[in-house]
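Contents: one structure, followed by commentary.
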Amino acid sequence: MAAVTAAAVSTSAAAAVTKASPSPAHCFLPCPPRTRAAHQRGLLLRAQVSTTDAAAVAAAPAKKEKISKKHDEGVVTNKYRPKEPYVGKCLLNTKITADDAPGETWHMVFSTEGEIPYREGQSIGVIADGVDKNGKPHKLRLYSIASSALGDFGDSKTVSLCVKRLVYTNDQGEIVKGVCSNFLCDLKPGSDVKITGPVGKEMLMPKDPNANIIMLATGTGIAPFRSFLWKMFFEKYDDYKFNGLAWLFLGVPTSSSLLYKEEFDKMKAKAPENFRVDYAVSREQTNAQGEKMYIQTRMAEYKEELWELLKKDNTYVYMCGLKGMEKGIDDIMVSLAAKDGIDWADYKKQLKKGEQWNVEVY
């Protein structure tokens, strides 16, 4: 499973942060300096686009260099390890898919008492109770964090997960249950849970409050993006006010499998100019050609707009979910890049170096 966390918040920082009012104060951070990768990518773009496009790129305003999110000294990793995990309590565990959905997904909240300082985009590990068939403790499983650094209760003392119960039939016709996912989905409030981490820097949010952030998720891959979006639209900070574009694409099999839709509806109503969301419901929707509506199919409807955004130094793409989504998205980008005479594989490498293409699939 993919992994993700939220920010370590010091006592003074926590005091400076409150839940958002209907009209939060506008606070802007300076735009960060340009990385070498961004510079190289600019050269690549200039060398390969048509004369018209090259002129447009050359005329674009100069960007300041970006500060790498991975070099932030405040990001904590591996505070708790498997041999000495943190033991939290389950405070809440709720099924968030409808009864007729193909599979169960649960949203759960654990107490941390502020001892697991995480950031949006990180993950935690969970060790299920009991032992394996060899009599040894179960190995940890990583899960993307689904809450902002403040947590669902806004006090920086909880962490939330979004977990799908794994149940399948093997080649021998036996029903197999995933050890950790079933342990988590069966947790009752008050139960202990062993937690490790936080871990990961790949999926950390960009610091630029004016960034364009494109989020591509399938199923429980929505977890890190819920953490992003809560920070952007449900919370108020003295030093951060999101004023860019957050564009979410979420792919699920059925409408009864849509996760956190009510929350996203509220965000859309609150910030219609800053938040867009498009769903791809593969078993219920088709495109104009009658093809099933997968996430890449939905993205294809906006491909020119997405490509124009990808040419900008302040656009960041995050992908989380099933590994199969990656190829379909690459196929779209290959054809779009080719129209501008750009090799997508090379261009994607430059995006990755500039921390503008971030992938966590499983």
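Quick reminder: no glycine exception, Cβ is built from N, Cα and C everywhere.
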Could you look at THR97, THR112, THR218, THR220 and say which one Swiss-Prot places alongside ARG141, LEU142, TYR143, SER144, CYS162, VAL163, LYS164, TYR168, VAL179, CYS180, SER181 in the FAD site?
THR220
According to Swiss-Prot, which candidate in LYS136, LYS292, LYS312, LYS352 joins SER144, LYS164, THR220, VAL252, PRO253, SER282, ARG283, GLY321, LEU322, GLU360 at the NADP(+) site:
LYS292
Using Cα-Cα distances with a 10 Å cut-off, which of the recorded positions CYS180, THR220, ARG283, GLU360 are near ARG141 (FAD binding site)?
CYS180
Radius 10 Å, atoms counted are CB only; among the binding-site residues SER144, SER181, THR220, which position scores highest?
SER144
Indicate the candidate from ARG141, LYS164, ARG283 with the smallest number of other Cβ atoms within 10 Å of its Cβ, considering only these binding-site residues.
ARG283
Across the domain 'FAD-binding FR-type' (83-205), what are the DSSP residue counts per state (helix, strand, coil)?
7 helix, 51 strand, 65 coil
